[in-house]
């Protein structure tokens with residue numbers, strides 16, 4: 001692990017992946033303040049406030065528009081990485097955050113709820129691009145024995161982003177009503193840092209050699225990343241992959257879906273990416289405050305309880321980064337989904353019994369911690385890592401479009417319908433997510449092979 005390799009991993013994870021986690025959690029606690037702003041603005045414009053139903057609908061749109069932006073961003077990934085490269089796509093996408101921060105930061109001053117919604121959609125667009133491009137970039141620059149460690153680093157920073165949002169939302173920091181626009185727009189700081197520094201690092205060597213046929217540029221990039229002049233073995237491996245793809249152009253999404261030779265890889269990407277969002281983790285992140293309120297936890301204690309769950313999440317995410325190369329991908333993702341399923345069932349039981357047994361509120365907290373810990377253990381990052389590992393260069397961008405699109409579509413669906421699902425089904429709504437988690441774990445156990453320490457060509461041969 002060289003210093004340039006570690007530094008670029010930390011930079012793109014901090015400037016891109018962390019913002020995804022931050023934007024997932026940033027709308028959780030300020031919901032009351034943002035709804036009050038919407039209501040006041042509506043009354044000023046039309047002479048009457050919003051009734052609870054339309055207000056809930058408008059706020060659900062604010063939460064879920066992030067995922068719609070992400071869906072659009074994921075559809076642009078193939079075009080961006082082919083035209084600008086991996087590094088270039090990440091640099092350009094940072095400009096989106098500066099624009100979004102301006103919209104959200106000045107929304108209250110200008111009395112415009114629309115600016116909050118537009119800003120949220122632009123942050124989603126940025127996250128949709130980066131959530132696919134960051135693991136693609138890191139998967140291509142990492143030596144195969146470090147692919148798991150570097151590939152899970154973005155997921156650790158996603159957890160860190162959630163934790164930072166929870167800490168900044170404390171009443172002592174930015175949790176007061178007057179600070180919520182600043183709270184939403186603080187994302188410009190990491191994005192600016194990435195924009196300033198990312199040009200110091202080279203493009204993906206695999207992209208340069210296989211797609212651009214730039215052997216000299218790929219060699220120079222490898223020497224900088226690996227810290228050694230002797231990179232001939234890696235160059236030969238890339239050339240072997242290039243020769244195997246010499247008669248195959250970069251495939252489109254439609255071609256990928258019709259290609260029978262990669263149908264199990266494609267199905268695996270579909271299952272784990274859709275399962276990651278339908279596991280219920282977004283419902284937990286978006287609506288932690290509501291879940292704790294329903295469990296009977298005093299409102300004054302909720303922000304600190306939430307920060308405690310976030311701290312555990314960061315620790316588990318870090319453990320995942322350091323254990324993935326030892327334990328492998330399959331054990332971590334199976335254990336993670338099973339843990340989430342059991343804890344989701346535990347939330348249902350706890351909420352049903354908490355009226356008769358008030359101490360069950362602490363079981364709810366433990367189950368929320370278990371869900372987040374299970375997610376950070378593997379499902380948070382391994383699906384993106386798997387998408388890079390299961391496909392060769394010609395199919396990889398299309399695979400990221402498929403996986404990313406499903407990821408964001410499911411994210412939007414859960415973010416939008418969860419408040420209504422909770423109102424109609426009560427505590428039983430978590431059993432739906434429980435079933436999804438256990439089914440995904442079973443699929444991975446039966447179908448997906450271990451990819452630890454294998455080349456991309458070796459992984460393709462395993463599926464073949």
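Any Cβ shown, glycine's included, is placed from N, Cα and C.
Annotations in TrEMBL come from automatic prediction, not curation.
Going by TrEMBL, these are the annotated features:
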type: DOMAIN; residues: 9-452; note: domain 'Major facilitator superfamily (MFS) profile'
type: TRANSMEM; residues: 57-81; note: transmembrane segment
type: TRANSMEM; residues: 93-111; note: transmembrane segment
type: TRANSMEM; residues: 117-137; note: transmembrane segment
type: TRANSMEM; residues: 149-168; note: transmembrane segment
type: TRANSMEM; residues: 180-201; note: transmembrane segment
type: TRANSMEM; residues: 267-290; note: transmembrane segment
type: TRANSMEM; residues: 302-324; note: transmembrane segment
type: TRANSMEM; residues: 331-353; note: transmembrane segment
type: TRANSMEM; residues: 359-386; note: transmembrane segment
type: TRANSMEM; residues: 398-421; note: transmembrane segment
type: TRANSMEM; residues: 427-448; note: transmembrane segment
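Residues 264, 267-268, 271-272, 275, 278-280, 283, 329-330, 333-334, 337-338, 340-342, 344-345, 347-348, 351-352, 386, 418, 421 of the same chain, all 6+ positions outside the transmembrane segment (427-448), place their C-beta atoms under 8 angstroms from a C-beta of that stretch. Remark: the transmembrane segment (331-353) contacts the transmembrane segment (267-290), by the rule of 3 or more CB pairs under 8 A. Taking Cβ pairs closer than 8 Å, the transmembrane segment (267-290) reaches residues 24-25, 27-29, 31, 63, 162, 302, 306, 309, 333, 337, 340, 344, 368, 371-372, 375, 379-380, 382-383, 386-387, 390, 399, 402-404, 406-408, 410-411, 413-415, 418-419, 422, 430, 432-434, 436-437, 439-440, 443-444, 447-448 in its own chain, all 6 or more past its ends. Contact check: the transmembrane segment (93-111) against the transmembrane segment (180-201) gives at least three Cβ pairs closer than 8 Å, residues 6 or more apart, which meets the contact criterion.
Under the criterion of 3 or more C-beta pairs below 8 Å, with sequence separation of 6 or more, the transmembrane segment (117-137) and the transmembrane segment (302-324) do not qualify as touching, having fewer than 3 such pairs.
Across 57-81, 180-201, 302-324, 398-421, the stretch most heavily in contact with the transmembrane segment (149-168), judged by Cβ pairs under 8 Å, is 302-324. The stretches the transmembrane segment (302-324) and the transmembrane segment (57-81) do not meet in space: the count of Cβ pairs below 8 angstroms, excluding pairs fewer than 6 apart in sequence, stays at fewer than three. Mean pLDDT for the domain 'Major facilitator superfamily (MFS) profile' (9-452) in the predicted structure: 85.
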